[in-house]
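All remarks here apply to the structure that follows.
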Amino acid sequence: MSLSNKLPVTDVDLKGKRVLIRVDFNVPLDENENVTNPQRIVGALPTIKYAIDNGRKAVVLMSHLGRPDGKVNPKYSLKPVVPVLEELLGKSVTFTEDCIGPQTEETVNKASDGQVILLENLRFHAEEEGSSKDAEGKKVKADKADVDRSASLTALGDVYVNDAFGTAQRAHSSMVGVDLPQKAAGFLVKKELEYFAKALESPARPFLAILGGAKVSDKIPVIDNLLPKVNSLIIIGGMALTFKKTLENVKIGNSLFDEAGSKILGEIVEKAKKHNVEIVLPVDYVTADKFSADATVGSATTQRIPDGYMGSDVGPESVKLYQKTIAEAKTILWNGPPGVFELKPSPRPTEATLDAAVKAAESGSIVIIGGGDTATVAAKYKAEDKISHVSTGGGASLELLEGKELPGVAALSSK
């Protein structure tokens, strides 16, 4: 699956057409059903506004919210999104009580002059995810006839646009089942694909990957996919301690040791040697007796973390090593924070490593943060606008790094 050859919405003639856009409005709501963080709605605005300005018939928005398990549940209605969307767009938004059916089709077909229509939660129907849950919480497959009703979504548009990268790894009806001649990438998806293509298909070199996480075994598919592509690999987070204990016989105190992951480190090292990849590991640590804001903290060299303590972050010498490696790279792909950045005693190493990535971006390097916890770090230290790209899709970006095909991307038309 090529990431760089997907049809962008800017290459599609939208004039006089019903533009059906899969957005990600899975936003948090408070107890009064008010949207508490509109970031995902804001992220979709460029595509929505483009469709309004260039289509002039109807802009039909569809999304999921929460996990209603294939049944109608007012708690997960998208209706609270309407006032937020209206304020952001500066125009009225029509809400439909269902996402499919004759009444919804009539509303869409009567629309004109760039009218914006928001459909009710896609996941109120079992056919969206292909299953629902019964009263006992057991999964029940959707009826074949119901799954085929993805044609009902197709009836709502003339052109399909996907701008929900965070759901691109899921082969759901709204992601892969809409059968229209042109299926384009919205601006948000287009940006995601462009940046991941820069790293995974045609990176400027040296190409550095920074990978973190608690367990090596969780990142084996990512490491395996990236080793033939990168020039250097910084291992951070808890899994670095499994590397240190296994490869260098370092005492790691009470730190988590990934027994299963340790058994394949030999293969990883051999593969790195085969592809001439430098693996960079920490050389000192910040330690803590517990993962809590009132933890007793200390420091440790590369040789030994004392019993009763865990490695909670890297030390100053490790940061210097990371900074040097980051400064030398022209493409940097980062997934996973260096340490337990939530702890008050040890934010600085994480922040210092992020600062190095920001400086690299400012000097012209491509720096991509792969969603999830790493994106949270970027937001915490207000670095989102200083990095080349912070991915909006934790699960989707992880699957791209693993070399997997994303169903929602594969379903898009080629240029």
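Each residue, glycine too, has its Cβ placed from N, Cα and C.
Here Swiss-Prot flags Val23, Asp24, Phe25, Asn26, Gln39, Arg40, Ser63, His64, Gly66, Arg67, Leu122, Arg123, Arg170 as (2R)-3-phosphoglycerate binding site, drawing on similarity to another entry. In sequence order, Asn26, Lys75, Tyr76, Asn121, Arg123 constitute the residues six or more apart from Gly66 ((2R)-3-phosphoglycerate binding site) in its chain with CB-CB distances below 8 Å.
Annotation comment: Swiss-Prot describes Gly213, Asp218, Gly237, Gly336, Phe341 as CDP binding site. Secondary structure at Gly237 (CDP binding site), taken from DSSP and collapsed to helix, strand or coil, is coil.
Feature annotation from Swiss-Prot assigns ADP binding site to Gly213, Gly237, Phe341.
Taken from Swiss-Prot, the feature ATP binding site applies to Ala214, Lys219, Gly238, Gly311, Glu342, Asp373, Thr374, supported by similarity to another entry. For Ala214 (ATP binding site), the same-chain residues that are 6 or more apart in sequence and have a Cβ closer than 8 Å to its Cβ are Gly237, Gly238, Met239, Leu256, Asp258. According to DSSP, Ala214 (ATP binding site) sits in a coil region rather than a helix or strand.
Swiss-Prot lists Ala214, Asp218, Asp373 with the feature Mg(2+) binding site.
Cβ neighbour count for Gly238 (ATP binding site) (all protein chains, 10 Å cutoff from its Cβ): 22. Per Swiss-Prot, the feature AMP binding site maps to Ala214, Lys215, Lys219, Gly238, Gly311, Glu342.
The closest partner of Gly336 (CDP binding site) among the binding-site residues, by CA position, is Thr374; the full candidate set was Phe25, Arg170, Thr374. Sequence-distant neighbours of Phe25 ((2R)-3-phosphoglycerate binding site) (same chain, six or more apart, CB under 8 Å from its CB) are Arg40, Ile41, Ala44, Leu61, Ser63, Leu65, Leu78, Val81, Leu118, listed in sequence order. Summarising the environment of Gln39 ((2R)-3-phosphoglycerate binding site), the number of other Cβ atoms within 10 Å of its Cβ, over all protein chains shown, is 11. For Asp218 (CDP binding site), the spatially nearest entry among the binding-site residues Val23, Leu122, Thr374 is Thr374, judged by CA separation. The DSSP secondary structure for Thr374 (ATP binding site) is helix. In this view, Gly311 (ATP binding site) is surrounded by 28 other Cβ atoms within 10 Å of its Cβ, with every protein chain counted.
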